[in-house]
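Participant: Can you keep this structure in mind? I'll have questions shortly.
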(Lines of atoms letter the chains of each structure in order from A and count residues from 1; the text may use other names and numbers.)
(Lines give C-alpha, C1' and ligand atoms only; values in the text may rest on other atoms or scores of the structure.)
Protein backbone atom coordinates (compact mmCIF):
# COMPACT_ATOMS: atom_id res chain seq x y z
CA UNK A 1 0.00 0.00 0.00
CA UNK A 2 1.41 3.38 -0.99
CA UNK A 3 1.63 6.27 1.47
CA UNK A 4 -1.20 8.11 -0.31
CA UNK A 5 -3.62 5.21 0.12
CA UNK A 6 -6.16 5.34 2.94
CA UNK A 7 -6.05 2.61 5.57
CA UNK A 8 -9.33 0.72 5.87
CA UNK A 9 -10.73 -0.94 8.98
CA UNK A 10 -12.37 -4.36 8.93
CA UNK A 11 -16.11 -4.35 8.13
CA UNK A 12 -18.52 -5.48 10.86
CA UNK A 13 -20.73 -8.35 9.64
CA UNK A 14 -24.00 -9.50 11.23
CA UNK A 15 -26.01 -12.64 10.50
CA UNK A 16 -29.81 -12.49 10.47
CA UNK A 17 -32.62 -14.81 9.39
CA UNK A 18 -35.54 -16.99 10.43
CA UNK A 19 -35.26 -19.45 13.32
CA UNK A 20 -33.80 -22.85 12.30
CA UNK A 21 -32.62 -21.60 8.90
CA UNK A 22 -29.01 -22.28 9.91
CA UNK A 23 -27.57 -18.95 11.13
CA UNK A 24 -25.46 -20.45 13.92
CA UNK A 25 -24.33 -23.42 11.80
CA UNK A 26 -23.15 -21.06 9.06
CA UNK A 27 -21.31 -18.81 11.54
CA UNK A 28 -19.66 -21.84 13.15
CA UNK A 29 -18.55 -23.08 9.73
CA UNK A 30 -17.04 -19.68 8.86
CA UNK A 31 -15.15 -19.62 12.16
CA UNK A 32 -14.06 -23.25 11.77
CA UNK A 33 -12.80 -22.65 8.22
CA UNK A 34 -10.86 -19.60 9.40
CA UNK A 35 -9.19 -21.60 12.18
CA UNK A 36 -8.15 -24.37 9.77
CA UNK A 37 -6.73 -21.96 7.16
CA UNK A 38 -4.90 -19.59 9.49
CA UNK A 39 -1.18 -19.47 10.18
CA UNK A 40 0.09 -19.20 13.79
CA UNK A 41 -0.59 -15.71 15.16
CA UNK A 42 -2.89 -14.83 12.27
CA UNK A 43 -6.26 -15.02 13.97
CA UNK A 44 -7.45 -13.14 17.04
CA UNK A 45 -10.45 -14.21 19.10
CA UNK A 46 -12.33 -11.14 20.31
CA UNK A 47 -15.20 -10.51 22.73
CA UNK A 48 -18.61 -11.00 21.11
CA UNK A 49 -17.01 -11.18 17.67
CA UNK A 50 -14.68 -13.28 15.52
CA UNK A 51 -12.08 -11.67 13.28
CA UNK A 52 -11.35 -13.50 10.01
CA UNK A 53 -8.15 -11.98 8.54
CA UNK A 54 -7.83 -11.13 4.83
CA UNK A 55 -5.00 -13.67 4.44
CA UNK A 56 -7.46 -16.43 5.40
CA UNK A 57 -10.15 -15.06 3.05
CA UNK A 58 -7.62 -14.98 0.20
CA UNK A 59 -6.67 -18.62 0.85
CA UNK A 60 -10.30 -19.75 1.01
CA UNK A 61 -11.15 -17.81 -2.18
CA UNK A 62 -8.01 -18.95 -4.07
CA UNK A 63 -9.95 -21.33 -6.38
CA UNK A 64 -12.11 -18.39 -7.51
CA UNK A 65 -9.24 -16.23 -8.82
CA UNK A 66 -10.53 -16.50 -12.38
CA UNK A 67 -14.08 -15.54 -11.43
CA UNK A 68 -13.78 -13.19 -8.44
CA UNK A 69 -10.47 -11.31 -8.36
CA UNK A 70 -9.55 -11.07 -4.67
CA UNK A 71 -6.89 -8.54 -3.66
CA UNK A 72 -7.94 -7.28 -0.31
CA UNK A 73 -7.21 -3.88 1.18
CA UNK A 74 -9.35 -4.48 4.27
CA UNK A 75 -7.59 -6.26 7.18
CA UNK A 76 -10.36 -8.88 7.24
CA UNK A 77 -13.96 -9.33 8.37
CA UNK A 78 -15.31 -8.98 11.92
CA UNK A 79 -18.28 -11.31 12.45
CA UNK A 80 -20.62 -10.60 15.37
CA UNK A 81 -20.77 -13.97 17.17
CA UNK A 82 -24.44 -14.01 18.18
CA UNK A 83 -26.85 -14.08 15.23
CA UNK A 84 -30.42 -12.79 15.25
CA UNK A 85 -32.68 -9.77 15.82
CA UNK A 86 -32.18 -9.37 19.55
CA UNK A 87 -28.44 -8.73 19.47
CA UNK A 88 -28.61 -6.80 16.19
CA UNK A 89 -31.00 -4.35 17.85
CA UNK A 90 -28.18 -3.35 20.24
CA UNK A 91 -25.78 -2.52 17.39
CA UNK A 92 -27.16 1.01 17.35
CA UNK A 93 -25.52 4.17 16.14
CA UNK A 94 -26.91 7.54 15.09
CA UNK A 95 -28.68 7.26 11.76
CA UNK A 96 -28.39 3.49 11.44
CA UNK A 97 -26.40 0.52 12.65
CA UNK A 98 -22.84 -0.30 13.65
CA UNK A 99 -23.07 -3.24 11.22
CA UNK A 100 -21.53 -2.49 7.83
CA UNK A 101 -23.09 -5.43 5.99
CA UNK A 102 -25.39 -8.35 6.81
CA UNK A 103 -25.76 -11.95 5.75
CA UNK A 104 -29.44 -12.85 5.48
CA UNK A 105 -29.63 -16.61 5.95
CA UNK A 106 -32.57 -18.33 4.21
CA UNK A 107 -33.28 -22.05 4.05
CA UNK A 108 -33.28 -22.46 0.25
CA UNK A 109 -35.97 -25.17 0.39
CA UNK A 110 -38.32 -23.15 2.63
CA UNK A 111 -37.87 -19.63 1.28
CA UNK A 112 -38.87 -16.51 3.19
CA UNK A 113 -40.55 -16.96 6.57
CA UNK A 114 -41.86 -14.41 9.07
CA UNK A 115 -38.49 -13.52 10.63
CA UNK A 116 -36.83 -13.36 7.20
CA UNK A 117 -39.24 -10.62 6.19
CA UNK A 118 -38.79 -8.85 9.54
CA UNK A 119 -35.00 -9.05 9.14
CA UNK A 120 -35.22 -7.36 5.73
CA UNK A 121 -37.49 -4.64 7.15
CA UNK A 122 -34.96 -3.99 9.95
CA UNK A 123 -32.02 -3.90 7.50
CA UNK A 124 -33.95 -1.55 5.22
CA UNK A 125 -34.81 0.70 8.16
CA UNK A 126 -31.21 0.79 9.39
CA UNK A 127 -29.85 1.16 5.81
CA UNK A 128 -27.59 -1.90 6.14
CA UNK A 129 -26.66 -3.56 2.80
CA UNK A 130 -26.99 -7.34 2.73
CA UNK A 131 -26.47 -10.42 0.66
CA UNK A 132 -28.52 -13.60 0.88
CA UNK A 133 -26.97 -16.91 1.92
CA UNK A 134 -29.35 -19.46 0.37
CA UNK A 135 -28.48 -22.11 2.94
CA UNK A 136 -28.93 -25.90 3.14
CA UNK A 137 -28.25 -26.68 -0.53
CA UNK A 138 -27.21 -30.13 0.74
CA UNK A 139 -30.92 -30.70 1.51
CA UNK A 140 -31.95 -30.39 -2.15
CA UNK A 141 -33.07 -33.90 -3.20
CA UNK A 142 -30.28 -35.61 -5.13
CA UNK A 143 -27.56 -33.10 -4.16
CA UNK A 144 -24.11 -34.73 -3.97
CA UNK A 145 -22.12 -32.74 -1.38
CA UNK A 146 -18.41 -31.95 -1.79
CA UNK A 147 -16.94 -30.78 1.54
CA UNK A 148 -15.70 -27.14 1.57
CA UNK A 149 -15.89 -26.85 -2.22
CA UNK A 150 -16.74 -23.65 -4.08
CA UNK A 151 -20.38 -23.45 -5.09
CA UNK A 152 -19.31 -22.96 -8.70
CA UNK A 153 -17.46 -26.28 -8.87
CA UNK A 154 -19.93 -28.20 -6.71
CA UNK A 155 -22.87 -26.98 -8.81
CA UNK A 156 -21.19 -28.11 -12.05
CA UNK A 157 -20.77 -31.63 -10.64
CA UNK A 158 -24.52 -32.02 -9.95
CA UNK A 159 -27.01 -33.66 -12.30
CA UNK A 160 -29.06 -31.44 -14.61
CA UNK A 161 -32.25 -32.13 -12.64
CA UNK A 162 -30.56 -31.02 -9.38
CA UNK A 163 -29.15 -27.90 -11.07
CA UNK A 164 -32.63 -27.07 -12.33
CA UNK A 165 -34.13 -27.63 -8.87
CA UNK A 166 -31.58 -25.23 -7.32
CA UNK A 167 -32.29 -22.60 -10.00
CA UNK A 168 -36.02 -22.90 -9.25
CA UNK A 169 -35.40 -22.37 -5.53
CA UNK A 170 -33.20 -19.33 -6.28
CA UNK A 171 -35.86 -17.96 -8.64
CA UNK A 172 -38.44 -18.15 -5.82
CA UNK A 173 -36.10 -16.12 -3.59
CA UNK A 174 -35.67 -13.59 -6.43
CA UNK A 175 -39.47 -13.25 -6.64
CA UNK A 176 -39.84 -12.89 -2.86
CA UNK A 177 -37.18 -10.16 -2.77
CA UNK A 178 -38.89 -8.41 -5.71
CA UNK A 179 -42.11 -8.30 -3.67
CA UNK A 180 -40.15 -6.40 -1.01
CA UNK A 181 -38.74 -3.92 -3.52
CA UNK A 182 -35.31 -5.45 -4.20
CA UNK A 183 -33.73 -6.54 -7.47
CA UNK A 184 -31.88 -9.80 -6.85
CA UNK A 185 -30.02 -12.53 -8.73
CA UNK A 186 -27.66 -15.41 -8.16
CA UNK A 187 -24.28 -13.84 -7.40
CA UNK A 188 -22.53 -15.13 -10.55
CA UNK A 189 -25.19 -13.52 -12.76
CA UNK A 190 -25.02 -10.07 -11.15
CA UNK A 191 -23.43 -7.34 -13.27
CA UNK A 192 -24.17 -4.31 -11.08
CA UNK A 193 -23.73 -5.03 -7.37
CA UNK A 194 -25.03 -1.56 -6.43
CA UNK A 195 -28.45 -2.35 -7.90
CA UNK A 196 -28.83 -6.08 -7.22
CA UNK A 197 -28.86 -8.16 -4.04
CA UNK A 198 -26.55 -11.16 -4.48
CA UNK A 199 -27.87 -14.62 -3.62
CA UNK A 200 -25.10 -17.08 -2.71
CA UNK A 201 -26.15 -20.75 -2.49
CA UNK A 202 -24.28 -22.30 0.47
CA UNK A 203 -24.28 -25.15 2.95
CA UNK A 204 -23.38 -24.33 6.55
CA UNK A 205 -23.07 -28.07 7.08
CA UNK A 206 -20.65 -29.00 4.25
CA UNK A 207 -18.99 -25.61 3.68
CA UNK A 208 -19.99 -25.51 0.00
CA UNK A 209 -20.31 -21.94 -1.28
CA UNK A 210 -18.35 -20.51 1.64
CA UNK A 211 -15.44 -19.32 -0.58
CA UNK A 212 -17.86 -17.24 -2.69
CA UNK A 213 -19.67 -15.90 0.38
CA UNK A 214 -16.47 -14.68 2.06
CA UNK A 215 -14.98 -13.33 -1.19
CA UNK A 216 -18.16 -11.39 -1.97
CA UNK A 217 -18.43 -9.98 1.55
CA UNK A 218 -14.85 -8.77 1.46
CA UNK A 219 -14.95 -7.55 -2.14
CA UNK A 220 -18.26 -5.70 -1.88
CA UNK A 221 -17.42 -3.95 1.39
CA UNK A 222 -14.02 -2.68 0.26
CA UNK A 223 -15.37 -1.68 -3.17
CA UNK A 224 -18.54 0.15 -2.13
CA UNK A 225 -18.07 1.08 1.55
CA UNK A 226 -14.59 2.63 1.38
CA UNK A 227 -15.63 5.96 2.87
CA UNK A 228 -17.43 4.26 5.76
CA UNK A 229 -14.49 1.90 6.39
CA UNK A 230 -11.83 4.61 6.46
CA UNK A 231 -9.79 4.01 9.61
CA UNK A 232 -9.95 6.88 12.11
CA UNK A 233 -7.01 7.59 14.41
CA UNK A 234 -9.04 9.62 16.92
CA UNK A 235 -10.83 8.69 20.17
CA UNK A 236 -12.90 5.51 20.02
CA UNK A 237 -16.63 5.27 19.49
CA UNK A 238 -18.47 2.07 20.29
CA UNK A 239 -21.69 0.42 21.32
CA UNK A 240 -22.37 -1.81 24.34
CA UNK A 241 -23.44 -5.31 23.32
CA UNK A 242 -23.86 -6.81 26.77
CA UNK A 243 -23.35 -6.02 30.46
CA UNK A 244 -21.93 -8.94 32.46
CA UNK A 245 -20.69 -9.70 35.94
CA UNK A 246 -17.43 -11.68 35.65
CA UNK A 247 -15.73 -13.53 38.49
CA UNK A 248 -12.65 -11.61 39.59
CA UNK A 249 -13.54 -8.60 37.41
CA UNK A 250 -16.90 -7.39 38.74
CA UNK A 251 -19.30 -5.72 36.32
CA UNK A 252 -17.92 -5.46 32.78
CA UNK A 253 -19.22 -4.35 29.39
CA UNK A 254 -18.77 -6.14 26.06
CA UNK A 255 -18.28 -3.43 23.46
CA UNK A 256 -17.99 -3.26 19.68
CA UNK A 257 -15.59 -0.45 18.76
CA UNK A 258 -16.54 0.81 15.29
CA UNK A 259 -14.43 3.97 15.07
CA UNK A 260 -11.10 5.24 16.36
CA UNK A 261 -8.66 3.82 18.93
CA UNK A 262 -9.45 2.67 22.48
CA UNK A 263 -6.65 3.01 25.06
CA UNK A 264 -6.29 1.72 28.60
CA UNK A 265 -5.85 5.26 29.96
CA UNK A 266 -9.12 6.55 28.40
CA UNK A 267 -12.12 8.07 30.15
CA UNK A 268 -15.35 6.68 28.70
CA UNK A 269 -18.91 8.03 28.67
CA UNK A 270 -21.90 5.69 28.33
CA UNK A 271 -25.60 5.33 29.14
CA UNK A 272 -26.83 3.90 32.44
CA UNK A 273 -30.19 3.00 33.96
CA UNK A 274 -30.17 6.25 35.98
CA UNK A 275 -28.49 8.48 33.41
CA UNK A 276 -25.02 9.08 31.97
CA UNK A 277 -22.05 7.15 33.41
CA UNK A 278 -18.52 8.62 33.26
CA UNK A 279 -15.70 6.29 34.27
CA UNK A 280 -12.04 5.51 33.63
CA UNK A 281 -11.01 2.25 31.97
CA UNK A 282 -9.31 -0.19 34.33
CA UNK A 283 -8.62 -2.89 31.72
CA UNK A 284 -9.24 -3.60 28.03
CA UNK A 285 -9.63 -7.36 27.76
CA UNK A 286 -9.52 -9.98 25.03
CA UNK A 287 -9.93 -13.75 25.46
CA UNK A 288 -6.63 -15.37 26.45
CA UNK A 289 -5.27 -17.92 23.93
CA UNK A 290 -5.82 -21.49 25.15
CA UNK A 291 -2.17 -21.95 26.10
CA UNK A 292 -2.30 -18.81 28.29
CA UNK A 293 -5.46 -19.74 30.20
CA UNK A 294 -3.47 -20.85 33.26
CA UNK A 295 -1.84 -17.43 33.47
CA UNK A 296 -5.11 -15.46 33.78
CA UNK A 297 -7.65 -16.47 36.39
CA UNK A 298 -10.45 -14.74 34.47
CA UNK A 299 -9.62 -16.31 31.10
CA UNK A 300 -8.84 -12.86 29.62
CA UNK A 301 -5.65 -11.02 28.80
CA UNK A 302 -5.21 -7.28 29.19
CA UNK A 303 -4.10 -5.08 26.27
CA UNK A 304 -3.02 -1.43 26.16
CA UNK A 305 -4.96 -0.32 23.08
CA UNK A 306 -7.03 -1.57 20.15
CA UNK A 307 -8.20 -0.04 16.85
CA UNK A 308 -11.62 -0.29 15.25
CA UNK A 309 -13.29 -2.49 14.33
CA UNK A 310 -12.99 -4.74 17.37
CA UNK A 311 -14.93 -6.57 20.04
CA UNK A 312 -13.53 -6.06 23.56
CA UNK A 313 -14.47 -6.41 27.21
CA UNK A 314 -13.98 -3.30 29.35
CA UNK A 315 -13.47 -3.45 33.09
CA UNK A 316 -14.05 -0.14 34.92
CA UNK A 317 -15.60 1.21 38.14
CA UNK A 318 -19.34 1.98 38.21
CA UNK A 319 -20.56 -0.27 35.38
CA UNK A 320 -23.33 -1.94 37.45
CA UNK A 321 -26.04 0.13 35.77
CA UNK A 322 -24.57 0.27 32.26
CA UNK A 323 -27.14 -0.20 29.48
CA UNK A 324 -26.75 -2.66 26.62
CA UNK A 325 -27.38 -0.83 23.34
CA UNK A 326 -25.94 2.42 24.71
CA UNK A 327 -23.33 4.38 22.75
CA UNK A 328 -19.86 4.59 24.27
CA UNK A 329 -17.54 7.54 23.63
CA UNK A 330 -13.97 8.24 24.69
CA UNK A 331 -13.74 11.74 26.20
CA UNK A 332 -10.37 12.72 27.63
CA UNK A 333 -11.01 16.46 28.07
CA UNK A 334 -13.85 18.56 29.48
CA UNK A 335 -15.18 19.75 26.10
CA UNK A 336 -15.34 16.20 24.72
CA UNK A 337 -16.92 15.02 27.98
CA UNK A 338 -19.75 17.57 27.78
CA UNK A 339 -20.34 16.79 24.10
CA UNK A 340 -20.49 13.03 24.78
CA UNK A 341 -22.76 13.53 27.79
CA UNK A 342 -25.20 15.57 25.66
CA UNK A 343 -25.24 12.98 22.86
CA UNK A 344 -25.97 10.13 25.26
CA UNK A 345 -28.66 12.08 27.14
CA UNK A 346 -30.37 12.72 23.79
CA UNK A 347 -30.18 9.01 22.91
CA UNK A 348 -31.59 7.92 26.26
CA UNK A 349 -34.49 10.39 26.19
CA UNK A 350 -35.36 9.38 22.62
CA UNK A 351 -35.78 5.70 23.56
CA UNK A 352 -36.89 5.88 27.23
CA UNK A 353 -39.99 7.98 27.81
CA UNK A 354 -43.19 8.43 29.80
CA UNK A 355 -46.16 10.19 28.21
CA UNK A 356 -49.34 11.48 29.79
CA UNK A 357 -51.44 9.60 27.24
CA UNK A 358 -53.18 6.25 26.86
CA UNK A 359 -51.02 3.33 25.78
CA UNK A 360 -49.26 0.19 26.91
CA UNK A 361 -46.18 -0.06 29.15
CA UNK A 362 -43.09 -1.59 27.51
CA UNK A 363 -40.15 -2.82 29.61
CA UNK A 364 -36.94 -4.33 28.19
CA UNK A 365 -33.43 -5.29 29.19
CA UNK A 366 -31.55 -3.08 26.72
CA UNK A 367 -31.88 0.14 24.74
CA UNK A 368 -31.78 -1.73 21.44
CA UNK A 369 -34.58 -4.16 22.27
CA UNK A 370 -36.69 -1.35 23.78
CA UNK A 371 -36.24 0.75 20.65
CA UNK A 372 -37.21 -2.20 18.40
CA UNK A 373 -40.29 -2.99 20.49
CA UNK A 374 -41.57 0.60 20.60
CA UNK A 375 -41.06 0.94 16.82
CA UNK A 376 -42.84 -2.40 16.27
CA UNK A 377 -45.85 -1.43 18.40
CA UNK A 378 -46.17 2.06 16.92
CA UNK A 379 -45.95 0.65 13.38
CA UNK A 380 -49.10 -1.41 13.97
CA UNK A 381 -50.95 1.37 15.77
CA UNK A 382 -50.54 0.27 19.40
CA UNK A 383 -49.63 3.42 21.39
CA UNK A 384 -46.91 3.27 24.06
CA UNK A 385 -47.39 5.23 27.29
CA UNK A 386 -44.16 4.20 29.05
CA UNK A 387 -40.97 2.77 27.52
CA UNK A 388 -38.21 1.93 29.98
CA UNK A 389 -35.30 -0.36 30.89
CA UNK A 390 -35.02 -2.71 33.84
CA UNK A 391 -37.31 -4.77 36.09
CA UNK A 392 -41.04 -4.10 36.39
CA UNK A 393 -41.73 -1.69 39.27
CA UNK A 394 -44.76 -0.43 41.20
CA UNK A 395 -44.70 2.71 39.05
CA UNK A 396 -45.13 0.55 35.91
CA UNK A 397 -48.17 -1.15 37.46
CA UNK A 398 -49.71 2.22 38.35
CA UNK A 399 -49.13 3.49 34.78
CA UNK A 400 -50.79 0.35 33.34
CA UNK A 401 -53.78 0.74 35.69
CA UNK A 402 -54.18 4.39 34.63
CA UNK A 403 -54.19 3.31 30.99
CA UNK A 404 -56.78 0.59 31.71
CA UNK A 405 -59.19 3.19 33.12
CA UNK A 406 -59.18 4.97 29.76
CA UNK A 407 -58.86 2.00 27.35
CA UNK A 408 -59.18 -1.39 29.01
CA UNK A 409 -56.98 -3.32 26.56
CA UNK A 410 -54.03 -0.91 26.96
CA UNK A 411 -53.71 -1.62 30.68
CA UNK A 412 -50.92 -4.14 30.08
CA UNK A 413 -47.14 -4.45 30.38
CA UNK A 414 -45.13 -6.00 27.53
CA UNK A 415 -41.96 -7.37 29.18
CA UNK A 416 -38.87 -8.39 27.20
CA UNK A 417 -36.33 -10.37 29.23
CA UNK A 418 -37.27 -8.59 32.47
CA UNK A 419 -39.22 -9.67 35.56
CA UNK A 420 -41.00 -7.78 38.37
CA UNK A 421 -38.93 -6.67 41.35
CA UNK A 422 -39.15 -9.26 44.18
CA UNK A 423 -42.28 -9.03 46.34
CA UNK A 424 -44.29 -6.94 43.87
CA UNK A 425 -48.00 -7.86 43.65
CA UNK A 426 -48.76 -7.99 39.91
CA UNK A 427 -52.11 -9.79 40.15
CA UNK A 428 -54.17 -6.79 39.00
CA UNK A 429 -52.21 -6.09 35.80
CA UNK A 430 -51.76 -8.33 32.77
CA UNK A 431 -48.03 -8.80 32.05
CA UNK A 432 -47.04 -10.44 28.76
CA UNK A 433 -43.57 -12.01 28.79
CA UNK A 434 -41.46 -13.20 25.86
CA UNK A 435 -37.74 -13.44 25.06
CA UNK A 436 -38.23 -12.97 21.31
CA UNK A 437 -39.06 -9.45 20.11
CA UNK A 438 -41.44 -10.32 17.27
CA UNK A 439 -43.20 -12.96 19.40
CA UNK A 440 -43.77 -10.47 22.23
CA UNK A 441 -45.36 -8.07 19.74
CA UNK A 442 -47.54 -10.88 18.33
CA UNK A 443 -48.61 -12.05 21.81
CA UNK A 444 -49.54 -8.48 22.76
CA UNK A 445 -51.56 -7.96 19.57
CA UNK A 446 -53.42 -11.23 20.19
CA UNK A 447 -54.24 -10.28 23.78
CA UNK A 448 -55.53 -6.85 22.75
CA UNK A 449 -57.60 -8.27 19.88
CA UNK A 450 -59.06 -11.02 22.10
CA UNK A 451 -59.98 -8.47 24.76
CA UNK A 452 -61.66 -6.24 22.18
CA UNK A 453 -63.56 -9.21 20.80
CA UNK A 454 -64.65 -10.28 24.27
CA UNK A 455 -65.85 -6.78 25.07
CA UNK A 456 -68.03 -6.81 21.96
CA UNK A 457 -69.63 -10.01 23.15
CA UNK A 458 -70.13 -9.01 26.77
CA UNK A 459 -73.83 -8.23 26.58
CA UNK A 460 -76.15 -11.20 26.63
CA UNK A 461 -77.82 -10.14 23.38
CA UNK A 462 -74.54 -10.45 21.51
CA UNK A 463 -74.06 -14.10 22.53
CA UNK A 464 -75.28 -17.18 20.68
CA UNK A 465 -77.39 -18.85 23.37
CA UNK A 466 -78.20 -22.56 23.60
CA UNK A 467 -81.40 -23.52 21.79
CA UNK A 468 -83.07 -26.65 20.40
CA UNK A 469 -85.77 -26.87 17.73
CA UNK A 470 -87.71 -29.59 15.92
CA UNK A 471 -88.85 -29.24 12.28
CA UNK A 472 -92.56 -29.99 12.36
CA UNK A 473 -93.64 -32.65 9.83
CA UNK A 474 -96.10 -31.28 7.26
CA UNK A 475 -95.01 -27.67 7.83
CA UNK A 476 -92.43 -27.22 5.05
CA UNK A 477 -93.35 -24.05 3.15
CA UNK A 478 -90.13 -23.83 1.10
CA UNK A 479 -87.39 -26.46 0.78
CA UNK A 480 -84.29 -24.25 0.23
CA UNK A 481 -82.66 -20.90 -0.46
CA UNK A 482 -83.91 -20.07 2.16
CA UNK A 483 -85.79 -23.01 3.62
CA UNK A 484 -89.02 -21.92 5.35
CA UNK A 485 -90.42 -24.34 7.92
CA UNK A 486 -92.61 -24.59 10.97
CA UNK A 487 -90.64 -25.44 14.13
CA UNK A 488 -91.25 -26.17 17.79
CA UNK A 489 -88.73 -24.79 20.29
CA UNK A 490 -87.88 -27.73 22.57
CA UNK A 491 -85.55 -25.78 24.88
CA UNK A 492 -83.44 -22.68 25.31
CA UNK A 493 -83.63 -19.65 23.01
CA UNK A 494 -83.44 -19.14 19.23
CA UNK A 495 -82.84 -15.78 17.52
CA UNK A 496 -82.17 -14.51 13.99
CA UNK A 497 -78.49 -14.86 12.91
CA UNK A 498 -77.97 -17.89 15.17
CA UNK A 499 -76.05 -20.69 13.38
CA UNK A 500 -77.69 -24.14 13.43
CA UNK A 501 -76.23 -27.66 13.59
CA UNK A 502 -77.66 -31.17 13.30
CA UNK A 503 -77.40 -33.79 16.05
CA UNK A 504 -74.17 -35.03 14.40
CA UNK A 505 -72.56 -31.58 14.70
CA UNK A 506 -72.83 -30.74 10.97
CA UNK A 507 -73.47 -27.02 10.32
CA UNK A 508 -76.65 -26.58 8.22
CA UNK A 509 -77.22 -22.85 8.06
CA UNK A 510 -78.27 -19.74 9.93
CA UNK A 511 -81.62 -18.46 11.18
CA UNK A 512 -82.69 -15.69 8.82
CA UNK A 513 -85.99 -14.68 10.43
CA UNK A 514 -88.63 -15.92 12.89
CA UNK A 515 -92.38 -15.24 12.58
CA UNK A 516 -95.21 -15.80 15.02
CA UNK A 517 -98.71 -15.26 13.62
CA UNK A 518 -97.12 -13.67 10.51
CA UNK A 519 -95.21 -11.09 12.59
CA UNK A 520 -91.40 -10.98 12.80
CA UNK A 521 -90.12 -11.64 16.31
CA UNK A 522 -86.60 -11.36 17.78
CA UNK A 523 -86.64 -14.52 19.90
CA UNK A 524 -88.44 -17.80 20.35
CA UNK A 525 -88.36 -19.76 23.62
CA UNK A 526 -89.39 -23.22 24.86
CA UNK A 527 -92.90 -24.30 23.91
CA UNK A 528 -93.37 -21.80 21.08
CA UNK A 529 -94.35 -23.00 17.60
CA UNK A 530 -93.16 -20.54 14.97
CA UNK A 531 -92.26 -20.34 11.29
CA UNK A 532 -88.55 -19.94 10.59
CA UNK A 533 -86.50 -19.13 7.49
CA UNK A 534 -83.03 -20.75 7.37
CA UNK A 535 -80.32 -19.73 4.89
CA UNK A 536 -77.20 -21.70 4.00
CA UNK A 537 -76.33 -25.28 3.06
CA UNK A 538 -79.80 -26.66 3.66
CA UNK A 539 -82.45 -28.43 1.61
CA UNK A 540 -85.37 -30.05 3.40
CA UNK A 541 -85.43 -33.69 2.32
CA UNK A 542 -81.67 -33.80 1.73
CA UNK A 543 -79.41 -32.31 4.47
CA UNK A 544 -82.36 -32.03 6.88
CA UNK A 545 -85.55 -34.11 7.11
CA UNK A 546 -88.98 -33.26 8.45
CA UNK A 547 -89.02 -34.18 12.14
CA UNK A 548 -85.25 -33.54 12.57
CA UNK A 549 -83.92 -31.84 15.70
CA UNK A 550 -81.48 -28.91 15.27
CA UNK A 551 -79.37 -27.02 17.84
CA UNK A 552 -77.93 -23.53 17.94
CA UNK A 553 -74.15 -23.70 17.34
CA UNK A 554 -72.85 -22.02 20.52
CA UNK A 555 -69.13 -21.03 20.37
CA UNK A 556 -67.02 -22.16 23.34
CA UNK A 557 -66.26 -18.53 24.24
CA UNK A 558 -69.98 -17.61 24.31
CA UNK A 559 -70.72 -20.55 26.60
CA UNK A 560 -67.90 -19.42 28.94
CA UNK A 561 -69.23 -15.83 29.05
CA UNK A 562 -72.77 -17.13 29.66
CA UNK A 563 -71.60 -19.16 32.67
CA UNK A 564 -69.20 -16.54 33.96
CA UNK A 565 -71.36 -13.41 33.65
CA UNK A 566 -74.97 -14.52 33.14
CA UNK A 567 -75.42 -17.77 35.06
CA UNK A 568 -78.69 -16.50 36.57
CA UNK A 569 -80.16 -16.34 33.05
CA UNK A 570 -79.72 -20.08 32.44
CA UNK A 571 -83.12 -21.80 32.72
CA UNK A 572 -83.58 -25.52 33.44
CA UNK A 573 -84.53 -26.29 29.84
CA UNK A 574 -81.51 -24.30 28.58
CA UNK A 575 -79.27 -26.32 30.90
CA UNK A 576 -80.59 -29.54 29.38
CA UNK A 577 -79.80 -28.19 25.90
CA UNK A 578 -76.28 -27.25 27.06
CA UNK A 579 -75.63 -30.82 28.26
CA UNK A 580 -76.76 -32.22 24.90
CA UNK A 581 -74.68 -29.63 23.02
CA UNK A 582 -71.56 -30.57 24.99
CA UNK A 583 -71.96 -34.23 23.95
CA UNK A 584 -72.31 -33.19 20.29
CA UNK A 585 -69.42 -30.67 20.28
CA UNK A 586 -66.94 -32.84 22.20
CA UNK A 587 -66.54 -35.04 19.11
CA UNK A 588 -64.60 -32.21 17.41
CA UNK A 589 -63.39 -30.36 20.54
CA UNK A 590 -62.77 -32.53 23.64
CA UNK A 591 -62.35 -29.38 25.76
CA UNK A 592 -65.75 -27.93 24.84
CA UNK A 593 -67.66 -27.05 28.03
CA UNK A 594 -64.89 -28.45 30.27
CA UNK A 595 -65.34 -25.55 32.73
CA UNK A 596 -68.95 -26.60 33.52
CA UNK A 597 -69.15 -28.59 36.75
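Glycine too: its Cβ is placed from the backbone N, Cα and C atoms.
From Swiss-Prot, here are the annotated features:
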DOMAIN    8-225  domain 'tr-type G'
REGION    17-24  region 'G1'
BINDING   17-24, 81-85, 135-138  GTP binding site
REGION    42-46  region 'G2'
REGION    81-84  region 'G3'
REGION    135-138  region 'G4'
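I would like each feature placed in context: is it buried or exposed, what are its neighbours, and how far apart are things?
Facilitator: Across the residues of the domain 'tr-type G' (8-225), the predicted structure has a mean pLDDT of 88.
Using DSSP to sort the residues of the region 'G1' (17-24) gives these counts of helix, strand and coil: 2 helix, 1 strand, 5 coil.
Taking Cβ-Cβ distances under 8 Å and a sequence gap of 6 or more within the same chain, the neighbours of residue 23 (GTP binding site) are 15, 16, 17, 83, 84, 105.
In the region 'G3' (81-84), the DSSP tally of helix, strand and coil residues is 0 helix, 0 strand, 4 coil.
Taken through DSSP, the region 'G4' (135-138) splits into 2 helix, 1 strand, 1 coil.
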Participant: List nothing but the one residue from 20, 85, 137 whose Cβ has the fewest other Cβ atoms within 10 Å; the candidates are the binding-site residues.
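Facilitator: Among the binding-site residues 20, 85, 137, the sparsest Cβ neighbourhood within 10 Å belongs to 20.
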Participant: Quick check on the binding-site residues 17, 82: which one has the highest count of other Cβ atoms within 10 Å of its Cβ?
Facilitator: 17
